[in-house]
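Annotated active site, proton acceptor per Swiss-Prot: LYS21, in sequence order, evidence recorded as sequence analysis. Annotation source Swiss-Prot lists active site, nucleophile at THR24, citing sequence analysis. The annotation active site, proton donor is assigned in Swiss-Prot to GLU74 on the grounds of sequence analysis. What Swiss-Prot lists as domain 'ASCH' is 6-94.
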Amino acid sequence: MQPNDITFFQRFQNDILAGRKTITIRDASESHFKAGDMLRVGRFEDDGYFCTIEVTGTSTVTLDTLNEKHAQQENMSLDELKRVIAEIYPNQTQFYVIDFKCL
């Protein structure tokens, strides 16, 4: 069985599969992905594979520069997005946006 390249919390699986979540915001440890990469996607909780995505672009962002477009691409409100990012990555301010499409 092939290993997964990237994982998402299970609560995001349906939004990814339905095309409602089209970006992910990660820390420096996952800043190496680039446009054109095909990634096997698994659930964080059990590493179970659930789809393949294509990276369509990357950019950098800070907690302060997150905006409504980012929130829309994450399928949540801006306040919720900032809260989730702060919970997942406490004490960090620089992040990497990975734009993707589900294949």
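Cβ coordinates are placed from backbone N, Cα and C, and glycine is handled just like the others.
For the domain 'ASCH' (6-94), the model's average pLDDT works out to 97. Per-class residue totals from DSSP over the domain 'ASCH' (6-94), listed helix then strand then coil: 32 helix, 28 strand, 29 coil. Put simply, GLU74 (active site, proton donor) is 7 Å from THR24 (active site, nucleophile) when counted between their Cα atoms. For the residue listed as 'active site, proton acceptor', the count of additional Cβ atoms within 10 Å of its Cβ stands at 19 [all protein chains shown]. In this structure the C-alpha atoms belonging to the residue listed as 'active site, proton acceptor' and GLU74 (active site, proton donor) are separated by 5 Å. The Cβ of THR24 (active site, nucleophile) has 22 neighbouring Cβ atoms from other residues within 10 Å, across all protein chains displayed. Packing around the residue listed as 'active site, proton donor' is summarised by its Cβ count: 23 other Cβ atoms lie within 10 angstroms of its Cβ, all protein chains included.
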